[in-house]
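Colleague: Structure provided below as structure tokens; questions to follow.
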């Protein structure tokens, strides 16, 4: 039987683009591990993706995961859009390159053999874990220590 793990995520950006951060909580049998990191120049969507990626990459074996995010971009991207992006060679329906392709590929790889249930939660609506992740993300954004090397400014 697979281990049942809960993951909660959030990303934040002070300006978009601007300094950003992510926060994630990984919970298994009442034990929690938190993750957060700040980047000097990034976007909110990149930080939402990073939160999910880092938490999933921390799993050491195949798990049954419930991942809660307040990002429709992440949830819809991974459950609906990614299949066609991959078929089209990482291009959108308009034949444009997929934004944040470096992170979408990394998230796709991080899913591995996990069984994942994606749940959307309304942000800033009192969901305790989402609020904690938001606090982690905002604190990280205020003290960025990393460069988001994959971030590309709009032309």
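Every residue gets a Cβ built from N, Cα and C, even glycine.
Quick paste of what Swiss-Prot says about this protein:
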| type | residues | note |
| --- | --- | --- |
| BINDING | 10, 48, 70 | Mg(2+) 1 binding site |
| BINDING | 10, 134 | Mg(2+) 2 binding site |
| DOMAIN | 1-142 | domain 'RNase H type-1' |
Colleague: Could you check which of the binding-site residues (10, 48, 70) sits closest to residue 134 (Mg(2+) 2 binding site), going Cα to Cα?
Modeller: 10
Colleague: Hey, does DSSP put residue 70 (Mg(2+) 1 binding site) in a helix, a strand, or just coil?
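Modeller: Looking at the DSSP assignment, residue 70 (Mg(2+) 1 binding site) belongs to neither helix nor strand, so coil.
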Colleague: Which whole-number mean pLDDT does the model give the domain 'RNase H type-1' (1-142)?
Modeller: 96
Colleague: Please list, in sequence order, the residues in the chain of residue 10 (Mg(2+) 1 binding site) that are at least six apart in sequence and whose C-beta is under 8 Å away from its C-beta.
Modeller: 22, 23, 24, 48, 51, 69, 70, 71, 123, 130, 133, 134, 136, 137
Colleague: Given the Mg(2+) 1 site residues 10, 48, 70, which other residues of that chain have a Cβ within 8 Å of the mean position of their Cβ atoms, reported in sequence order?
Modeller: 9, 11, 12, 47, 51, 69, 71, 74, 123, 130, 133, 134, 137
Colleague: Hey, what's the Cβ neighbour count for residue 70 (Mg(2+) 1 binding site) at 10 Å?
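Modeller: Summing over all protein chains shown, residue 70 (Mg(2+) 1 binding site) has 21 other Cβ atoms within 10 Å.
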Colleague: Among the binding-site residues 48, 134, point out the residue whose Cβ has the most other Cβ atoms within 10 Å, with all shown protein chains included in the count.
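Modeller: Of the binding-site residues 48, 134, the most buried by Cβ count within 10 Å is 48.
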Colleague: Going by DSSP, is residue 10 (Mg(2+) 1 binding site) part of a helix, a strand, or coil?
Modeller: strand
